[in-house]
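**Student:** Pulled these features from TrEMBL for this protein:
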type: DOMAIN; residues: 1-58; note: domain 'IBB'
type: COMPBIAS; residues: 1-10; note: compositional bias 'Basic and acidic residues'
type: REGION; residues: 1-82; note: region 'Disordered'
type: COMPBIAS; residues: 18-45; note: compositional bias 'Basic and acidic residues'
type: DOMAIN; residues: 89-435; note: domain 'PUM-HD'
type: REPEAT; residues: 117-152; note: repeat 'Pumilio'
type: REPEAT; residues: 153-188; note: repeat 'Pumilio'
type: REGION; residues: 464-493; note: region 'Disordered'
type: COMPBIAS; residues: 470-493; note: compositional bias 'Polar residues'
Amino acid sequence: MSPKPSERVEVRRKKYKVSVDAEEGRRRREDNMVETSKSRREESLKKKRQEGKQAQPLPQPTHSSPVKKKDMTEARKKKRKPNYNLEKELASLWEKMRRYDIGKEERSKLVSEALKKMNGKILEIAGSHVAARVLQTCIKYCTQAEREIVFEALRPHLLALSRKKYAVHLVKKLLDHASKKQLEWFISSLHGHVTSLLRHTVGSIVIDYVFHLANGSQKQSLLMEMYSTELQLFKDLTLTNSGRLVDVISKLGLQKSSVLLHMSSVIQPLLEKGIINLSIVHKALVEFFTIADKSSAADVIQQLIPLLVQESASAEENLDLSAPEMKKTKIKNKILKEPLLIRMVRTRDGMKICILCVKHSSAKERKKIIKGMKGHIRQLSLDQFGSLLLVCTLSVVDDTKLLTKVVIRELQTMLKELVMDKNGRRIVLELLHPQCSRYFAPEDLACLNLSVPSLLAQVEETKDLENPDQAEQNNVEVSQTDNNDNEIGSNVQLATGGKKDSFRRRHELLVESGLAEALFETCINNIGALLRSNFGKEVVYEVALGGSDGILQSFADKMNALHEAIASLAALPKTNESEEEHVLENFHSSRLIRKLVLDCPSFAATMWKTALKGKCDIWAQGHSCKVLLAFLESSVSEVKDLAKHELQLLMDRGVLKAPESKFIEKEG
């Protein structure tokens, strides 16, 4: 029997009441526990405060907090730096003395005041990050007497300071303003420490700086320590006038094997640390290759090539914070971020090292070197030594497709600037007339023909064994034995040239690449400026002749157009109103036209018909008369016959004077 509705309601009420009572009881118990825990914690904290175990200071007002922090910072600095107050005073003086709008007398007073404050503490100041810069500025602007006092105070400690990060700049500043005796003393004090300082990241900077400041004999004494242990120990042996290492070995009776072993022990750590962007190291490496055996030379070249193409992330710290110095430092840091190859070619010895690496590397390694030049072709082409490296690369590497892509394409964008530049024109002239003594100085030709004797000798021996009948014919020029991935020996190319024929390589780089066509257009469009240029006229001359070995003979129409452009410019009337000199009266252009008349009969005919026929009396005086006389001096009878009659009349009248050394027959 089911319960009644009223009974069911009563049961639900009882259940609800029990549930509510249980929930209320649980909540009350939790509240009691919280209150108990809170009271216990307060009692514990009160007890600790009474015992002094936890004495927390009351928070200070917000407005006084920065002031107290500054005072605490000052207190910490004073405790950490014994000369903190002095450095602070010096920094205040520095801010005034280094300004560019300050008078000399006022700056001199500030410098003297700063040096007086440093008196007795110069050595401590030299190693400080900030105060060392103040001392550098004082050395720059102080009197010679004050500078000598500073030098004498630091004299016993200069070697130690040369290894310190901040003091090294002070040492360089002292050397900049040092007298001859002071510089000589410092170089003498380096004896026995050159190699150890070179291995030091900071010390190597001082050695290279001194090497730039030193004279020839002082440079030789620094280099001697890298040659042999005996020369490092006995100072008297370094006093020799011999410059080349082979001469030093023969004069002092040193053993070549011991010198090679010692130089390898000096050079190897420098290669491992990447400390090779120093002039003294470049010179030592060049001398090392003159005596190195095949394995030693190959090993060094193998280690050099990866270093040449990698970029440097290190940059020297700013020496000054003024605007002009900041600008100089930014330029310097930009240079330091360039690949080592680009920085090394700024010196002749560095360029020699790069040329040897290009000549004696494998095809894969040459490819890496060329790719490392990408983006720097303009910079290299306009540099005195960088242009020679490009000349060597274009005359050695067989991969003409890669050369066209990386080198030629970038040269085409700056062709006018290139042909008018003293250094850049040599790249174009090398393709037109290879290694011509008219365009390359003897020392430049020696650099281009440089090679490692041990690696070159191995090639000659190999070729003599393979071709005994032709051994005598191959003494002058050594061709490359292999330019593919199959390297010889220790993955180093022993030959110094390419497998490809020289004319074929030039044709691919000059004609097939489109450079020749662009060169003709540049010459025709800028003929006036190029003729009057001391350097541009040489390119015009070679292009107008068609290049060596007739490499441009396929461009006969463009050659004729160039001849017409020169003749048309010469045919312009002689006026005094024009700002530019007439090409027949200008020194450079008149010499070029005379030379073309002598060497190019087709140009002589065009020139006579277009510009000179019937007008010789106008040009019979000044520089232009040399052009007229060139027709009579020509070895080609047809050229002589063109002008002989008209010029003879001028000579009979005394208007034109023939050279005394030239005898011109009169017509019968």
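One-based numbering along the chain as shown.
Heads up, the Cβ atoms here are built off N, Cα and C, so glycines get one too.
Since the structure is predicted, the reported quantities are computational estimates derived from the model, not experimental observations.
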**Student:** When you scan the chain for residues with a C-beta under 8 Å from the repeat 'Pumilio' (153-188), skipping those not six or more beyond its ends, what do you find?
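**Tutor:** Contacts of the repeat 'Pumilio' (153-188) (Cβ under 8 Å, skipping residues fewer than 6 from its ends): 122-123, 126-129, 132-133, 135-136, 139-140, 147, 197, 200, 202-203, 205-206, 209-210, 213-214, 218, 221-222, 319.
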**Student:** Over the span of the repeat 'Pumilio' (117-152), count residues by DSSP class, listing helix, strand and coil in order.
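**Tutor:** Per DSSP, the residues of the repeat 'Pumilio' (117-152) fall into 27 helix, 0 strand, 9 coil.
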**Student:** Which residue counts does DSSP give the repeat 'Pumilio' (153-188) for helix, strand and coil?
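**Tutor:** Counts, helix then strand then coil: 28 helix, 0 strand, 8 coil.
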**Student:** Please average pLDDT over the domain 'PUM-HD' (89-435) for the predicted structure.
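**Tutor:** Overall, the domain 'PUM-HD' (89-435) comes to a mean pLDDT of 88.
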